[in-house]
Amino acid sequence: MLDVTLIVLCAGNSTRFEHKTKKQWIRVEDEPLWLNVTKRISSFAKFDKIIVTSHQDELNYMKNFSDDFTFVKGGETRQLSILNSLQFVTTKYVMITDVARACVPQSVIENLLNEKSSADCIVPILNVTDTVVYENDTIDRSNVKLIQTPQLSSTQVLRDALNTPIEFTDESSAIKAIDGKIKYIQGSTFSKKLTLGDELDELPCLKAPSNNFFTGTGFDIHAFEEIKDMYLGGVKLPYEYGFKAHSDGDVLIHSVIDALLGACGAGDIGEFFPDTDDKYKGIDSKLLLGQIVNFINNVGYEIVNVDLTIIAQKPKINPFKDEIKKSMAKLLRIEKQFVNVKATTAEKLGFIGRAEGVAVQSIATLKYYNWKKR
């Protein structure tokens with residue numbers, strides 16, 4: 001083995017990316033970018049361990065994609081994400097890269113590994129080819145270098161270097177600050193960092209997302225409860241009962257949430273909003289759906305349509321179907337034509353037929369966010 005751990009940093013918020021999906025979750029065919037980058041680099045060498053950092057909100061979901069990596073909750077900053085990851089590193093050396101460096105070539109990885117014992121930090125750099133101006137003065141561009149990742153460091157030296165309140169933008173800066181030895185090697189233009197959304201077309205290794213569709217179903221049922229308002233699809237219905245539930249009991253929204261989570265393979269509503277958590281007691285279900293729609297978009301999907309079946313003896317649903325469609329379209333951020341609402345009774349059979357509650361069955365269809373068309 002190499003005695004090297006690979007860390008791939010994927011916990012950022014993509015605030016400058018200007019796409020509805022976070023950069024680490026855009027699809028390359030059927031793979032999220034973080035998985036594509038991790039598999040690509042790990043194919044170039046036999047690392048002792050591979051660590052992937054994730055935003056806390058996406059950590060459990062990310063674990064669904066592979067059992068071959070160690071997933072670690074990222075920090076508020078790049079440096080904190082590295083510190084969190086270093087707790088799981090036992091090798092002498094560590095190679096750290098950013099998911100934004102999507103097309104790092106094999107030659108860079110091999111050159112880093114070949115030089116691992118020659119300095120405390122091995123750093124790929126590029127010469128500057130454009131004219132450089134600093135504070136209105138043109139400076140000698142031969143003295144300016146562009147620092148890239150991945151970088152390969154001595155694990156212990158890096159731990160010592162990051163044990164400071166000072167924030168560094170890369171490992172070499174931190175190690176240089178404690179007088180560590182830095183060695184520069186030739187970088188690559190293919191290791192360009194993806195920061196802005198319009199830079200996607202400059203990365204030749206990225207293929208467009210597939211045209212696959214993903215379908216999920218949801219089902220929820222709630223009994224009636226006195227002295228409570230009834231909400232269905234975010235619409236307040238004039239009925240004498242509400243729904244018995246930990247939240248406001250909007251059975252339609254709860255069903256849709258499960259359908260959305262099912263379509264992207266992210267579990268169910270109870271995993272995101274457990275009914276044992278007091279912060280969700282009496283909560284407006286529209287807020288819960290908003291969080292799920294944000295999650296769906298963040299991890300690379302767009303909502304195509306939903307088909308909703310409300311099963312109720314009472315109240316009568318037909319007079320409110322159009323209002324429910326409008327409400328759900330707004331909440332799901334899709335056009336009204338892509339929301340279908342059906343209503344049926346239980347023919348006076350069972351719990352629902354005795355007018356003791358309402359059930360809703362939902363089907364949701366998703367597709368990958370197509371960054372190629374933006």
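Keep in mind that glycine also has a Cβ here, set from the backbone N, Cα and C atoms.
The feature 4-CDP-2-C-methyl-D-erythritol 2-phosphate binding site is assigned by Swiss-Prot to 220-222, 246-247, 268-270, 273-277, 344-347, F351, R354. Under the DSSP three-state reduction, H246 (4-CDP-2-C-methyl-D-erythritol 2-phosphate binding site) is assigned to coil, being neither helix nor strand. Taking the Cβ of H246 (4-CDP-2-C-methyl-D-erythritol 2-phosphate binding site) as reference, residues of its chain lying under 8 Å away and at least six apart in sequence are, in sequence order, D275, Y280, K281, G282.
In this structure, H254 (divalent metal cation binding site) is part of a helix by DSSP. What Swiss-Prot lists as divalent metal cation binding site is D220, H222, H254, and the listing cites sequence analysis.
Marked as region '2-C-methyl-D-erythritol 4-phosphate cytidylyltransferase' by Swiss-Prot on the basis of sequence analysis: 1-213. If you take every residue in the region '2-C-methyl-D-erythritol 4-phosphate cytidylyltransferase' (1-213) and average the pLDDT, you get 95.
Look at Swiss-Prot and you will find 214-374 tagged as region '2-C-methyl-D-erythritol 2,4-cyclodiphosphate synthase', backed by sequence analysis.
A sphere of 10 angstroms centred on the C-beta of R16 (site 'Transition state stabilizer') encloses 10 other C-beta atoms. Look at Swiss-Prot and you will find R16 (among others) tagged as site 'Transition state stabilizer'.
Here Swiss-Prot flags K23 (among others) as site 'Transition state stabilizer', drawing on sequence analysis. Counted within 10 Å of its Cβ, the other Cβ atoms near K23 (site 'Transition state stabilizer') come to 25, all protein chains included.
Per Swiss-Prot, site 'Positions MEP for the nucleophilic attack' is recorded for R141 (among others), and the stated evidence type is sequence analysis. Sequence-distant neighbours of R141 (site 'Positions MEP for the nucleophilic attack') (same chain, 6+ residues apart, CB-CB distance under 8 A): N127, V128, T129, D130, T131, V132.
If you look up Swiss-Prot, you'll see K193 (among others) marked as site 'Positions MEP for the nucleophilic attack'. The secondary structure of K193 (site 'Positions MEP for the nucleophilic attack'), as reduced to three states from DSSP, is coil rather than helix or strand.
Look at Swiss-Prot and you will find H246 (among others) tagged as site 'Transition state stabilizer'.
The site 'Transition state stabilizer' annotation in Swiss-Prot covers T345 (among others) and rests on sequence analysis. Counting Cβ atoms from all protein chains shown, T345 (site 'Transition state stabilizer') has 16 others lying within 10 Å of its own Cβ.
Just so you know, the Cβ of P274 (4-CDP-2-C-methyl-D-erythritol 2-phosphate binding site) picks up 11 other Cβ atoms within 10 Å once every protein chain is counted. Checked against A346 (4-CDP-2-C-methyl-D-erythritol 2-phosphate binding site) by C-alpha proximity, the recorded positions R16, K23, H222, H254 yield H222 as the nearest. Note on proximity: of the binding-site residues D220, H254, I269, R354, the one nearest T345 (site 'Transition state stabilizer') is R354, by Cα distance. Taking all protein chains in view, 28 other C-beta atoms sit within 10 angstroms of the C-beta of H254 (divalent metal cation binding site).
Residue with the densest Cβ environment among the binding-site residues I269, A346: I269, by other Cβ atoms within 10 Å. The most densely surrounded of the recorded positions K193, H222, R354, judged by C-beta neighbours within 10 angstroms, is H222. DSSP assigns D277 (4-CDP-2-C-methyl-D-erythritol 2-phosphate binding site) to coil in the three-state reduction, outside any helix or strand.
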